[in-house]
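Asker: The feature active site, proton acceptor is assigned by TrEMBL to Glu184. The Zn(2+) binding site annotation in TrEMBL covers His183, His187, Glu218. Annotated domain 'Aminopeptidase N-like N-terminal' per TrEMBL: 2-75, in sequence order. Feature annotation from TrEMBL assigns domain 'Peptidase M1 membrane alanine aminopeptidase' to 111-351. Under the heading domain 'ERAP1-like C-terminal', TrEMBL lists 427-746. TrEMBL lists Tyr284 with the feature site 'Transition state stabilizer'.
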Amino acid sequence: MLIASQMEPTYARTVFPCFDEPAMKATFDIRIIHDPSYVALSNMPAIDVSEMKDENGSVWAITTFNTSLKMSTYITAFVICDFDYVTRTERGNEIRIWARKEAVKNGYVDYALNITGPIFSFLEDLLNISYPLPKTDLVALPDFEAGAMENWGLMTFQESSLMYLPSDKFTGRKAMIAITTSHEIGHQACGKQFGILNLSWFGNLVTMNWWNDLWLNEGLASYFEYLGAAYVEPKLSLDKVFHDHVIQPILREDSNIGVRSLSASEDKIKGSSFLISLFDNITYNKGASITWMLSNFLTEKLFIRALSSYLKTFSFSNANQDDLWTHIQLVVDAQDEIQLPASVKKIMDSWTCQNGFPVLTLNLSTGTISQEQFLNKKNENSTDTYNNTWIVPISWMRNGSSQPLLWLDKSTKMFPEMQVSESEYDWILLNVNLSGYYRVNYDELNLKRLARVLENDPKAIPAVSRLQLIDDVFALTQFGYIQIESALELTKYLAREDEIFIWNMVLLNLVPEILESTLKNYEVYPLLKKYLLKRMLPIYHYYAGLIRQNVDALENDYFAQVYLEKLFATACWLGLQDCLDLSSELYAKWMNSPEYNIPSLIRRTICCYGIAMGSDKEWNFGWDMYSQTNSTKEDKDTLLFALSCARESWLLYRYLQYGLSDTLFSSNCTSDIILYVLVKDIGQRIAWEFVTENWPLLSERCGEELLHDILKIMARFVNTDVQIQELQVFYNTTLEENERGAATALLESAKFENTERRGLLMKVADWLQKNIDD
C-alpha cells in the first residue's frame, strides 16, 4: 500500500479547503493519522509521533509536522509508505532518498544520494542563495504519471528517474537521473525538469504570479538542470546533450501551425484542464532554449547576477516575466561591456509573446540578412500573416574565427562586415553553437563553401554547429525553402564525421524509420547503400571494434548509449556484411549460453538480424526467451520486435497466428505484432492478408480503436496506387458509414504523400547517381 500526493496544478483543493492559486502563499500545519506500521512524510520534518485509538479499539499513529515556510498550495505534499531510506547530510540539509525496501538494500538509490547533495551545493553557490529547509526527502514511486515533482522538501519521482541498477550501465540512465534530479533541485531553488519538477529556487522560493508564466518555473529549471548535471557528471558533454535533446526537437515542433507562444496574457488561461495542457514541450524546452539564448547574449556572469538579485527580491513571494526582465535590465545598465539594441523586455517579449521562431536568410554578396517566421511553404494555410519580427542576436564566425555579436532588429538589415570576397575559402557561419533560437538559410554560394570546409577540415566548424547545419538544411528542404540537392551536398564529408549524435541526425533524415520498408522498393536503395556505406565504415568499424573487444569503454559515451542502435540498424539494413555477421555471431553466443547478455546498446538490432540471418532454429530460440516468465518488460519488447524480422514468410505468418492467442498475448501485443510485421519489407503483404482474413476475430480481440490505428498505419505504408485502391475497397466493405470519411481522407493524404515521395526519391537518386563516386 502506498499513498503519494500530486497537487500541481490544481489538486490541492481536492485535499483540503484552500484558495488554490500560486500567488496565494501561506504557512501550512500538517498532521497525518495513519497505520502505525507505515511512515508519514510531508514538506517539513516530523516533530511528534503519538498514538490514538479509534472507536473499534484499533491503534493509529499521529505524525505532526513542523510549520512550513510560506509557500503555494501546489507544492504541499505527503507520502505514506513502508519504504526504507539512505541518508547523508550536506551543509546541514539532511537528505534522505526513500524507495522500496529491496531497492534500497540492493543499492539502487545510492547514485541519486551521491549526486543530490553536490547539486544542492552547486546551485546554492552559483545563485548565492541558501536552501531554506532543514531536510529534503526524495521518494521513488513505482508508478507516477507526472514523472517527477518538486514539492518543497518532499520531491517525488518515478522509479526510473531515481534508480540506477548495475544493469543500466549502457542505457544513458545515469545522465537522465542527474538531469532529472538537478531539475527538481533547481525548483527547490528555481524550476522543473524532464517531467521531474525541480522547483526549489525557481518556483518554490519565487513562484509565478499566475500559470501563464509557468515557463519561468520550468524553463529556468530546465536550463539549470543541465548546469547541475554537467557539474556532477563532467564526462557527459551536456552542452551537446542540451542541443540534441532540447533545442533541436523543439525547433521541429515549434514550426507547426497553431503552436502557442511561450507566454500568454492572464485572461487567456481559463479552467484547470487548459492549465494541464501548459505542461508541454513549449513550456519546458522552448523555455530552456530561450533562457540559453538569453544567457549567451548577456554572458553567463551577468545572467546569474541578475537571477540572484531577482530571487532575493521575490523570495517567499511571486513574480511575472516582466519582473525578471526588470532585474536583468538593472544589471545591464550598471555595466558597459554588453550593449543591447533595445530594452531587455522588448528583446525578450519578441521571443516569449509571439509564436514560432524566425529563419534568417543570408545573402553573402551584399551582406544582407532578412528574417521571416519559419513556416511550411508547401502548405497553403501557413503563409506568414503575422509579419512577426524578432530581435535576433547573431553569433557568427568567419573562416573559423569568432566575430563580435551582431543584432538583427528589423525584417532586413545590411551588415557590410558579412560581405565575402571571391575566394572560395572565405566563408561565414551564423548562430555558432546554436546560441540563438532560430534556423539559418544560407545562399548557394556560402552553402558550397561550407560543404568544402566540411570536406577539407570538418573540425573547423564546431560539432554542435555541424549538427545544426545538417538539421537546418533538411528542415529547409522539407518546408520548401531550398532543394534537396543542396542539403545532400553537406553529406559528402561524412566519412570524416566521428560524432555519433551528428550521424544520428543524418540517418533520421536520410533513412527515416517509417520509410525503411518502402525505400527498398525504389531504385534509390542500391545508390543510397553504396553512397552511405562508403561514409559510414569508419565510424561503424570504430564502434564494432569496441563492441567486440572492449564494450566497457562505452560506459561514459552517452551518445553511443542512445544512438548506436540506429547506426547499427542502418548498417545492417544497408546489408553491410560485417554488421550481419556480428549479429549472427552475438545471437549464436546467446543461444549457446543464455546467461550471456547481448550489449544493451545494440540488443534490438542484434536480435532482429540474428533472427533474420538464421532459420526457424533462431526464431524458436527467440520465442522461447520471450515466453520465459522472468524476462523484463524491456527484454520482452525487444523480442516482440525482433521476432518480426524473420525472412521466411511462413515464420511471419505463424507469428501473426500466435498473436491471435489470448493465452500468449494481450490485445495490445497483438496489434504491436501486426504493426512490426507490417513495416518489414516482406511483411507488408503478409500482414495485409492476415488482417483482411481475420478481421472479425481481430475486431473482437483488439476493439475498434486498435484496429483503426492499424488501418491508419497501413495507409502510411502503402506505396502504390493499386495498394491504395485495395485498402479503399476493404474500408468500404468493413467500416461503418460514419467511419469511412476519415479513412478515405487518410488514403487521400497517403496518395498525395506517395506522389511527393516518388518525386523526392527520384531527385535523390539522380543526385546520388552523379555523386556516388565522389
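Any Cβ shown, glycine's included, is placed from N, Cα and C.
Annotations in TrEMBL come from automatic prediction, not curation.
Values in this document were obtained by computation on a predicted structure and should not be read as measured data.
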Asker: Limited to the domain 'ERAP1-like C-terminal' (427-746), I'd like the whole-number average of pLDDT.
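Answerer: Its mean pLDDT is 89.
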Asker: Between the Cα atoms of His187 (Zn(2+) binding site) and Tyr284 (site 'Transition state stabilizer'), what distance do you get, rounded to the nearest Å?
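Answerer: With the alpha carbons as reference points, the distance is 13 Å.
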Asker: Whole-number answer please: how many Å between the C-alpha atoms of Glu218 (Zn(2+) binding site) and Tyr284 (site 'Transition state stabilizer')?
Answerer: 5
Asker: Go through His183, His187, the listed binding-site residues, and name the one with the sparsest Cβ surroundings, counting other Cβ atoms within 10 Å.
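Answerer: Counting other Cβ atoms within 10 Å of each of the binding-site residues His183, His187, the minimum falls on His187.
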Asker: With DSSP as the reference, give the number of residues of the domain 'Aminopeptidase N-like N-terminal' (2-75) in helix, strand and coil.
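Answerer: Each residue of the domain 'Aminopeptidase N-like N-terminal' (2-75) counted once, the result is 6 helix, 27 strand, 41 coil.
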Asker: Rounded to the nearest angstrom, how far is the Cα of Glu184 (active site, proton acceptor) from the Cα of Tyr284 (site 'Transition state stabilizer')?
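Answerer: A Cα-Cα distance of 13 Å.
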Asker: Using a 10 Å cut-off, grab the number of neighbouring Cβ atoms around the Cβ of Tyr284 (site 'Transition state stabilizer'), all chains included.
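Answerer: Taking every protein chain into account, the count is 27.
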